[in-house]
Amino acid sequence: MKMGLVSLTTLFVIACLASFAYASDPSPLQDFCVAVKEADAAVFVNGKICKDPNMVVAEDFFLSGLNKPGNTLNPVGSRVTPANVNQIPGLNTLGISAVRIDYAPNGLNPPHTHPRATEILVVSEGTLYVGFVTSNPANPAIKNKLFTKYLYPGDVFVFPEGLIHFQFNVGKTNAVAFAALSSQNPGVITIANAVFGSDPPINPAVLTKGFQVEKNVIDYLQAQFWWNID
């Protein structure tokens, strides 16, 4: 019986260590694995299929255009220009990507999460009010904690993987930031879009109960057009 308990404990520890080892993008097993376009792939895999190394060219590792401002003429006043594996196939298996974010005055990158990446952001122009919220505390009597900071050109801020975060341009001029993310494909879940703009819609009874508001509030929110900025 004791041996069985030891064995189960050992298996549990090994499983935990394995889960930590694969908590982010897997390490490459070769110098590079340039992604094949999905339209040309015969199967779907976790990541992308490798291009024949003999067919790889410098352009597979290259992207131009991050010097150009994104169009912020939308309801939230911001635009994300991505540089991930979908734009740079050479990023496949390398566990990193980048974005440029443009903000009009009062522009907002709305509360969102990256389910597969930590983000490190540096401000290039303007003044941003940024922050993230912790996950639910173990003690239900304690509220989720908010961490915020005002950022100026040259300032850097980190958003931990999976946590809800935002950036808001509090200045009177346009703002620009660049960010690196610890995944070739970080993913984005914009909270309002996912909750109120899903297709098909979430049953209003669920949202009415979850947000503790009247149904007409949920009806109004679900009737809005929820804008994706990337």
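Quick reminder: no glycine exception, Cβ is built from N, Cα and C everywhere.
Annotation comment: TrEMBL describes Asn109, His114, Glu119 as oxalate binding site.
Under the heading Mn(2+) binding site, TrEMBL lists His112, His114, Glu119, His165. Its Cβ taken as reference, His114 (oxalate binding site) is surrounded by 23 other Cβ atoms within 10 Å in the chains shown.
Per TrEMBL, the feature disulfide bond maps to Cys33-Cys50.
The annotation domain 'Cupin type-1' is assigned in TrEMBL to 64-219.
Positions annotated as signal peptide by TrEMBL: 1-23.
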(request) Round to a whole number and give the Cα-to-Cα distance in Å for the pair His165 (Mn(2+) binding site) and Cys33 (disulfide bond). (result) 31
(message) Give me the count of other Cβ atoms within 10 A of the Cβ belonging to Cys50 (disulfide bond).
(response) 19
(request) Taking the Cβ of His112 (Mn(2+) binding site) as the reference point, list residues of the same chain whose Cβ is under 8 angstroms away and which are at least six residues distant in sequence. (result) Ile164, His165, Phe166, Val188, Ile189, Thr190, Ile191
(request) Determine, for the oxalate site, the additional residues of the same chain whose CB lies within 8 Å of the mean position of the CB atoms of Asn109, His114, Glu119; present them in sequence order. (result) Val99, His112, Thr113, Ala117, Leu121, Phe159, His165, Ala179, Leu181, Pro186, Val188
